[in-house]
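Going by TrEMBL, these are the annotated features:
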- 328: active site, proton donor (ACT_SITE)
- 26-150: domain 'Beta-hexosaminidase eukaryotic type N-terminal' (DOMAIN)
- 172-431: domain 'Glycoside hydrolase family 20 catalytic' (DOMAIN)
- 1-20: signal peptide (SIGNAL)
């Protein structure tokens with residue numbers, strides 16, 4: 001993609017620790033909220049978050065145990081411990097426990113979040129204790145976040161929480177943020193901070209646009225020369241296998257999927273530095289110009305490389321999907337190369353270089369499908385008529401025609417992710433934030449068969465956003 005992507009600090013309503021706490025301060029706004037003026041004191045020295053007796057998840061569930069510690073510290077600070085003064089008697093207006101009840105036999109404690117994960121939860125704050133019920137750990141994580149936002153302080157620092165009942169589920173199954181770590185290398189600490197902030201706002205997909213023309217920071221075990229020669233620096237500006245594993249696990253513990261993007265055949269200048277003969281030599285007149293264009297789709301060696309590379313990627317990134325890009329392919333270099341021209345004639349493509357692009361993409365899709373992964377592609381692949389598997393996710397990102405494009409993609413029966421209305425680099429130097437809130441993802445005419453049902457996992461429409469809040473409100 002040509003757009004500039006970068007890490008932007010999220011504007012947070014982190015814990016909602018303000019006096020006069022009301023349900024309107026919850027973010028995103030839950031589907032149903034009932035609250036009263038009845039309040040309970042909540043004291044760190046006697047309060048605890050525990051597994052309910054009936055819960056299918058127990059002390060061995062690291063997703064929940066990690067979250068209990070994390071949210072306790074969010075609410076009370078890192079210097080205290082929840083086991084302090086456990087024998088202290090609680091008063092009649094004091095809340096002493098939040099009990100977390102996972103209701104399904106499979107808590108999914110040991111798994112990874114997926115596009116079909118049930119993220120619903122119910123929260124009841126009342127005496128003698130609060131109860132958080134969720135089918136699995138992913139919904140429970142959202143409920144813990146909501147509970148932490150209900151806690152507020154008075155002018156003296158004493159914390160309280162109002163009697164509240166909440167029933168909640170996300171409007172969209174895919175709520176994502178993209179970071180580009182190629183154009184601007186991002187230290188692991190920045191990525192982890194972003195993931196932490198995403199969880200506070202109930203985002204559930206980290207789209208990691210990890211490589212591009214500018215640099216190749218992903219350190220491949222199979223092809224280490226890619227980052228050795230393609231990164232900004234081969235040691236300080238790379239993501240090692242341990243780094244990637246840390247990001248994936250950090251995200252999992254917060255209910256966040258990590259979808260990696262390795263964009264080809266365009267946006268691959270950094271690939272060519274470490275992989276000879278991968279890119280197409282460009283010509284000026286009868287001779288090579290010394291520059292290179294997109295991936296060379298005419299060589300068997302290209303597909304041998306891609307097969308090995310994506311076998312590695314499929315094992316490193318556990319999510320069911322890999323983003324394969326496919327956008328903004330510049331045909332000028334292909335047009336200049338005599339070997340490409342000969343191949344075009346042999347294949348009967350004439351002068352239609354979209355057919356050559358489709359030839360490459362189709363082979364790549366077959367390679368990735370053989371790894372048992374699904375794939376996401378940018379909308380140009382769909383627009384150029386590439387034959388796609390029925391479960392392909394088409395990513396719509398070109399702004400002016402997004403409504404028309406969404407209609408075409410959904411009418412064709414494909415799942416789609418929309419990002420077009422939320423690019424922060426498209427600056428008009430006015431009050432830009434207003435348009436992000438006004439954008440309605442379902443404002444298009446598509447096949448009713450593929451329209452979104454307003455419930456978890458319904459329909460075939462997912463949401464991808466650049467830090468947009470309004471469309472994430474669950475109401």
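Placed from the backbone N, Cα and C atoms, the Cβ positions cover glycine too.
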By DSSP, how many residues in the domain 'Beta-hexosaminidase eukaryotic type N-terminal' (26-150) are helix, how many strand, and how many coil? 29 helix, 31 strand, 65 coil
Overall pLDDT of the domain 'Beta-hexosaminidase eukaryotic type N-terminal' (26-150), taken as the mean: 90
When a 10 Å sphere is centred on the Cβ of residue 328 (active site, proton donor), how many other Cβ atoms does it contain? 15
